[in-house]
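Chemist: Annotation comment: TrEMBL describes 7-28, 34-63, 84-108, 128-148, 169-194, 200-225 as transmembrane segment.
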């Protein structure tokens with residue numbers, strides 16, 4: 001019962017989130033001791049987590065697109081080739097990861113940094129990284145809104161309990177997952193746009209991680225219990 005394309009995307013999203021969370025122990029040690037590392041070292045340590053971060057944020061959009069397709073064209077959705085369908089989803093996800101990897105290397109500049117997620121991106125690459133994920137989050141919110149609009153227009157064909165359950169799930173996903181990613185990325189984007197002093201940037205970056213990590217921590221409840 002958990003082998004549908006949607007469930008596979010949810011499982012993949014969970015795996016990407018695990019990869020995203022791996023460097024937190026390194027970051028905590030680096031920040032607590034105010035110890036800086038060479039950019040090359042940070043890029044190596046953060047590469048896999050950065051890809052997990054990019055893939056996890058885009059997977060939220062992929063899950064939303066999957067749900068939208070399932071209500072817009074349910075018959076065609078059920079008859080689609082699952083392997084081809086999932087291959088298309090993962091190709092787009094990995095393309096977004098490749099774009100993030102390009103930003104890491106294209107804007108690379110050697111200088112000492114702390115080992116935080118944004119520290120793998122330098123100069124203009126940080127704005128591109130934060131802005132790209134923020135755009136993905138906004139599109140995901142729109143997709144979930146369109147899904148709810150479509151379900152609402154067909155409410156007469158569904159049981160009232162089903163409509164309430166679907167509405168509750170969409171609200172929870174949008175509030176915790178999509179809004180968590182969007183809030184964190186927008187805080188980072190605004191911080192770099194304002195060019196804050198180094199000591200203030202550290203505090204803002206640590207604070208910016210709270211919404212996205214809150215969203216990740218409640219995913220099991222949101223996706224499986226609802």
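Glycine is treated like the rest: Cβ placed from N, Cα and C.
Note: TrEMBL annotation is automatic and uncurated.
Owing to the predicted nature of the structure, the values given are computational and were not obtained by experimental measurement.
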Chemist: Which bits of the chain, at least 6 residues beyond where the transmembrane segment (84-108) starts or stops, bring a Cβ under 8 A of a Cβ in it?
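Modeler: Residues 5, 8-9, 12, 39, 43, 47, 50-51, 53-55, 58-59, 62, 65-66, 120-126, 128-129, 132, 136 contact the transmembrane segment (84-108) from elsewhere in the chain.
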Chemist: Quickly jot the same-chain residues contacting the transmembrane segment (200-225) by Cβ under 8 Å, restricted to those at least six beyond its ends, or write none.
Modeler: 10, 13-14, 17, 20-21, 31, 56, 114, 116-118, 169, 172-173, 176-181, 183-185, 187-188, 191
